[in-house]
Amino acid sequence: MHFIQPLQAFLQTKHIVEFSSIQQAVFKVWPRQNVVGIAETGSGKTFAYLLPALNQIDVTLNKPQAVVFVPTKELKWQILTILNDIKASFTGLKVSENFNSNAHLIVSLIGKDIILHETIKYVVFDEVDMFLEDSSQAEWINCVQLFQKHKPHFGFFSATLFNEQLQQIRKQVAPLTVVNQKKRAWKHSLVKHFLLNLNGQEPFAGLLALLNYHHNEQVLVFCSNAKSLKQLTSLLAHNQLSFKSLHGQLTPNERKHIFTSAANNTVRVLVVSDLLARGIDLPHFSVVISWDLPLVDSFYIHRSGRVARFNSWGNSYVFDLPHNQHKLTKFAHKGILFNSVHLERDGTLKFPQLKQSKQKPAVSSELKTAIKRIKAGYKKVKPNYKKRQKQQIAELFAKRKQRRSWKNF
C-alpha cells in the first residue's frame, strides 16, 4: 500500500519499515472492501485498520469521514493517544470522541450519542466479539444498520472470533472478506502458561510468591468480578504491598489516570477486572496472574495476551484449585499446555519443567525473509564475509527492537 506523505513521515519518525502479517494482508483489501481481520493479540491489528482509513481522509473536508467503535474507555483512550501522536506528522487532521464535532476521525463507544453523517465512509468495530455478546448485540445491530444507510465500508477486528460470531456479522454486512491470520484460536506462540500447585497453602501465599519471584517485572493480576477484586485489593493493602487497581466502578478520570500511569511504566503491580483484557497495550508488563478464572472462557486468551505484544514473551499463571478444574480441562482440550509450578513451604517456587536457559527472541516471518536475503547476498566467499553477514543480521534485530513499542499496535 502506498501511504500519503503525512503517514510516510509518521512511519519514518517511528522507524517503522516493515509491517506484520495481519497488516500486510488487511492493506490489500481495506478500506476498499468490507473486511474481518482476525489475528492474535499484539499482532498489530490497530494499525492494520487505522493507517488505511487515515490514508483516505480529506483534511480539506471538515466533516467526519471515519469512525472506530471500541468496547471500553481504556481502548478508546489508547487509540486516541496513537492518533494524537500521528497528528504531529499529519497537518490538519482532527480526531475526537464526540460525534457532534467536525473531526475527521471519531473514536467512540456505542451509545445514544451517535450521530449519522453521510460523509462517514469507513466504520470499524475493534474487539468486535465483545459487541456480539448477548448484552450488547442488539445495540451493535442497530448501530451497523444505522450506518448502512450511506453504504460505508466496514471493518471488524478481533483476536478471538468463532464461526458463530462470524455468521452473525455476515447476516448484517455483505459481501465480506475474511482475513484470518490466526490458525489456532486458543494458542499464542509467545505466551508460556503455568499452573501453580499450592501444596495445601492459601492462594494469597502463592500470589506473594509469584510477586516475589517476578520482583523486577511488572505484573497484571486479573479478577473476574468486583467482589473478587475488592477482596484481593484488601489483602494486598493489609500486607502493605504497593499496587494500583483498575475497574469499572472508578470514575472516568480515575480510570484514565491509573491507565496512563500503567502505560507509562510507573506501576509495578496492577490489579484489574476483565475490562482491561481486551485490546489494551501495556508494553512494560510481562506477567499475568489470574487470581480467578474469567467467566467467559475466551477471556483467558485475552488476559494472557496482554503480555505477549508483538514478538515479546509473556508468562501467564493460574492457580491449581478444585473449582478451576473444569475450565482448566476445557483449556487443555483447546490446546493450551500448562507447565507445572510448585509452591514450596518456604515460599519459594519450583519450576520442574521450566528450562532456565535464556529464551531466544521470537522471529517474525518478515525478519526471517530479510535474514535469508542477507545470506543470499554472500554467494561468493570473500574475506571477513561471515563477520559482515553477522553484523548485518545484528543490525536487523537492533532495528526491530527499536520499533517494537510502536509495532505493537
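Here the Cβ of each residue, glycine as well, is placed from N, Cα and C on the backbone.
It is 126-129, from the ranges 70-73, 126-129, 246-249, that Swiss-Prot records as motif 'DEVD box'. Outside the motif 'DEVD box' (126-129) by six or more residues, the chain places 36, 45-46, 49, 68-72, 75, 79, 156-158, 160-162, 165, 169, 278-279, 298 with a CB less than 8 A from a CB of the stretch. Counting residue by residue with DSSP, the motif 'DEVD box' (126-129) contains 2 helix, 1 strand, 1 coil. Counting other Cβ atoms within 10 Å of each Cβ, the lowest count among the binding-site residues G42, G44 belongs to G44.
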